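For reference, the structure is listed below as structure tokens.
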Amino acid sequence: MEDFWSRLRRETRREHNVSNTLVNLTLPFALSDRRVYVKALESFYYVYSTVEEEFDRQRRNFPKIGALYFEELRRKKSFERDLQFFLGDNWRQKLQGPSSTVARYIEHIKEVSSSKPWLILSYVITLYMALFRGGSILRKILVVSLALDKTSGEGVAIYDFPSIIDTEAFFKKYVETVNALTLPEEQKDEVIEEKRAIFLWNDEIFNEVRSGPYYRAILWRFFWSVVFVLVVVIFFLKKRNYW
């Protein structure tokens, strides 16, 4: 019989793949400009903070939900350290506040958590594992793209899990804990369905980042750089009678 973890992956694979494609289109530009990256960082800071607040509220009342509490995975303080690094000590005053998309997202999280507390598990599993399993690659790219210090960890705290020594052993334990959740099948189905929605919400944030003024400015710089290179190449070819 297929376990719950396998179902979560298999039944949301299409949404996951679509979301990955969008992320891959966004990242090269988002990671080349601090302003774009910080905007994305701030957006997900609100999301992760809301998830942790709702998770704390529900796990105290429902032991089944609390089974997935792992202090090592908590990210709110890590987001705050990164925001402080990029924006300075008065970083809170420099935040732009949730966009309309992010505001709707966090309101949705609160609503589903209140009406069906077990659905907060969808967010805990999806968002924590996104950084825990995929964060190391993003960390390496970010360090190079934004010229960050490789060893200090400054600016990349959300991707670091210093209290987890053996990542594979921890991941195995986490999967076993997910599979051991004593939820009725109907609730498991709803958790899977909500996981699909999470990818769609995250996609909206990435689309918002891609439509922002800083991102457009980067695209224009990229466009004119390409034009310049093409002009130089054509000039060279004509001069050598290759054109």
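Every residue, even glycine, has its Cβ placed from backbone N, Cα and C.
What TrEMBL says about this one:
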BINDING   ARG9, HIS16  heme b binding site
TRANSMEM  118-138  transmembrane segment
TRANSMEM  218-237  transmembrane segment
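The most densely surrounded of the binding-site residues ARG9, HIS16, judged by C-beta neighbours within 10 angstroms, is HIS16.
Classification of ARG9 (heme b binding site) by DSSP places it within a helix.
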